[in-house]
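J.: Can you keep this structure in mind? I'll have questions shortly.
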Amino acid sequence: MYGFCYRFFSIARDQLLRSFSIAPIGFFLLFRISSDFGTFPCRDDKMAGSNLLNQLGAIDLNDLVYVERDLNFAQKVGVCFLLYGDDHSNATYILQKLLPMTRSDFPQSDLLMQYAKSHPETWRNHLVEALCIIGARQVLRRLGLRWQELRLHYLPHVGGIALHIHPLLKSLYRICEELPLAQSGRLVLDVGEKVARQQAGGLLRFYDPTYLEIFLLDWLTRKCLRLGDINATGSDVQLLIEHFKFNDLQEQAKLLIDTINSNAPDADQVAAVVDPLLTTIKPETLSDSPQASRGSTSSAPSTASSFRRRNALELNRENAGIALIINQRKFHRKVSEELKKYISPKKLRDRVGTDVDEGRLREVFSSMGYNVESHSDVDHLGIVQLIRSACDRSLLQDSLVVCILSHGFEEAVYGANSIALRITDIENVLCSNETLYNKPKLLIIQACQEEAPEEGHQSQQGLPFKIDVTTQSPGQHVNMVRAMSTVNGFAALRHTHEGSWFIQCLCDAIDQHSDTEHIADILTIVTNNVAEKRGKNDESMVPKFNSTFRQHVYFPPRL
């Protein structure tokens, strides 16, 4: 009922504005007066006494188009900060969405719809609480919800206490709203300078402290700030607390400390929180590691994770991502006339033993929480479609792994229809997708890399098919790793019963070292192990990899 009413009202409003040129503010006042007197036609008196849960359930997915349209940009920033800020991948995604909108007078977006689709079971509770926190009463009223009831249920005026939203995000949002513009600007300059000294290059190209939440999202993605779990366990907002203390903003510092203490599940964790209000803090106290300033009293390392550097990126098992395997076993040459010039000069033989590699990859990546998707005998355009689909579905995932097992030649890999793709183009497909911006992307290629067909020979017969894909800036290539089974100019060796040397050594190395070694070191181990192998006729091969990782990246923990 309420969903229908919201859409009905929004459509009616637009029609009236177009027909009678009514000023929007006047129309909204008219709506508010009529609603306050109980004459708004969408109000169903039979639902007036229903509980809040039933009212939330009546909110329809299609309402979000109108909800988002009725929020001004500052409100959108606030809602997105509260909804997306509690996860590294989410924060990175929403930051890249919001920044272009700051340069548009009338930004159009579907941020709430994207959130709802990625959280189908919980989006209503989170959205309504976020709307309460930012005080979007008019939007909530149009959804058929009563402000007084919501205020008692969610306590939006009380910092540090939340039902569904991360409590630290709520407190940080309140601070954003309370700080004068001059203080916000000072915070951005002070913390931004410390972040710049800690992390070289790639700093945020945005300078308006009016939207302080955008800067907070940036610091969260860089892990200079950490929220911890829903109880704020493992949080680290010391950088902000120190700034507030030094600039005589005691209330803001106290709010963050109280939020951490009040949400701690037991007394021991409360005692472990350091109160900087009781200590003397110097203005230049940012440590080399964003975690080093925590009040940790942990003893000697007792788990594998303790070996990892504190500034590393550890992928989350629950959101590890998709592991896409394209397993080319058999090849054909049945293509349209216009594609025949791309067919390999020679018939490609069946790749006996490739299923052993596919099975091992499936086993290893699924054990780390990856959602393994395997496809066999995929044509060249099908490869591109599968990769783009995996990219589009990686919005809330930590990473993406693509494994292609096929024949190939130098800097190219074949589809099942004997048409090759440039590996650089495949890499650009991964890097150009905004959902994977700044996320680890691992491209694994098991294919020979012998010399390419000569240009000009037989009208360039067999040269790679070019994909229409480009990247706009070098920054899009950050956190990309390409792992090749062999260096250029040589064949990749595969056993017909035991699988390929490269893939089997890769899986062995992940099994043995993923708990303690980061991905680049694992690939170095693979290179060494494969280079030491010898075949019956003294065959040998050397894998290679290149990486644009900005920090050490660790696979998720294995079962």
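From the backbone N, Cα and C atoms, a Cβ is placed for every residue, glycine too.
All TrEMBL annotations are machine predictions without curation.
If you look up TrEMBL, you'll see 292-306 marked as compositional bias 'Low complexity'. Per TrEMBL, domain 'Caspase family p20' is recorded for 319-452. Annotated domain 'Caspase family p10' per TrEMBL: 479-557, in sequence order. Among the features that TrEMBL reports, region 'Disordered' is placed at 284-308.
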J.: Express the predicted model's confidence over the domain 'Caspase family p10' (479-557) as a mean pLDDT, rounded to an integer.
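T.: Averaged over the domain 'Caspase family p10' (479-557), the predicted model reaches a pLDDT of 92.
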J.: DSSP-wise, what's the residue breakdown of the domain 'Caspase family p20' (319-452) into helix, strand and coil?
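T.: Taking each residue of the domain 'Caspase family p20' (319-452) in turn, the totals are 46 helix, 36 strand, 52 coil.
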J.: Using DSSP, tally how many residues of the domain 'Caspase family p10' (479-557) sit in helix, strand and coil.
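T.: When I sort the residues of the domain 'Caspase family p10' (479-557) into the three classes, I find 27 helix, 15 strand, 37 coil.
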